[in-house]
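K.L.:
For 6-26, 38-63, 69-92, 104-126, 132-153, 174-190, 202-220, 232-254, 260-280, the entry in TrEMBL reads transmembrane segment.
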Amino acid sequence: MSSALIGQVFLPLSLFIIMFSVGIALKLDDFKQVFRQPLPIGLGLVLQLLLLPLLGWLVVWLFALPPVLALGLLILTLAPGGATSNAISLLARGDAALSVSLTAITSLITPFSIPLITAWWLSLWLGQSEALVFPVMQAILQMLLIALLPVVLGVLMHQRWPGFSQRLQAPMRRLAFLLMLSTVLLLVWTQRVRLETLLAEMFWPVVLLVLLAMLCGYGMARLVGLNDGQQITLLIETGLQNAGTALVVTGTLLQNPQMSAVVLLYGVLMQVPALLLIGWRNRQGLRSLYVWAAR
């Protein structure tokens, strides 16, 4: 199967279903949390939408990355974590409600912010001619159709049929996970040679960005006095990105395999600290399970 078919068909379909699975778990009340919890929500948005791209620029500058690889990493910083970060916040015993509220709000912002900022960065890195090739309005429309529309449909379904939506959440999450996993595996297989070459050049930039983002998220949350669960959630929300959305931009809209390979690498490597965090936060339960199994 060709990379073009994956980028043009499977990626948009997977993202649509993933965002729909996010939407049916949301209530209109989740969007109102910004008024009830202005500090954690406001800080989370600043970390995701402002600080993370700045950290991306810092990493690009430190490693003097070539333009195409730099853009792949920077585009990823424009896509805050979605369903994955919600699930990891729950598993790591963070503030799941805060995570969901951040996802709700960023899902309204990113369909506009990602295409506009991407076009600007393309002109900075690759020149005005390359930026003109990127159709901003078409990109916004596509992002609205595959990222915002399914969230809106999901929220409306939850409001109209809450019981049915509740029953649908688990199978939709499983379907979304399987679709995205299949798409990523297909992309990894088709890009395996490029990924092997890329690993040597991009391993440390990706690792540094993940760690810087997580440390900044946790440190800022601790600095302003948020509680333990909120600190963990902002650590996760800042460090884990929505690789699916970024892949739609690099693979479907820009059709650039090198940029997509950078996003894939980040999507894989960011899971390692996330899994370690889940283990650490649940260490007492794991210890009890070990003692029980050793009897």
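Yeah, the Cβs are placed from backbone N, Cα and C, and that goes for glycine too.
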K.L.:
Could you name the stretch, out of 6-26, 38-63, 104-126, 202-220, 232-254, with the greatest number of CB pairs under 8 A to the transmembrane segment (174-190)?
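P.N.:
Against the transmembrane segment (174-190), the leading stretch is 6-26.
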K.L.:
I'm a bit unsure how to read this: which one of 38-63, 132-153, 232-254, 260-280 has the highest number of Cβ pairs shorter than 8 Å with the transmembrane segment (6-26)?
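P.N.:
The stretch with the most contacts is 132-153.
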K.L.:
By a Cβ-Cβ criterion of under 8 Å, what residues six or more beyond either terminus of the transmembrane segment (38-63) are in contact with it?
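P.N.:
Same-chain residues near the transmembrane segment (38-63) but 6 or more away: 70, 73-74, 76-78, 80-81, 95, 98, 101-102, 105-106, 109, 113, 117, 204-205, 208-209, 212-213, 216-217, 220-221, 224, 226, 230, 233-234, 237-238, 241.
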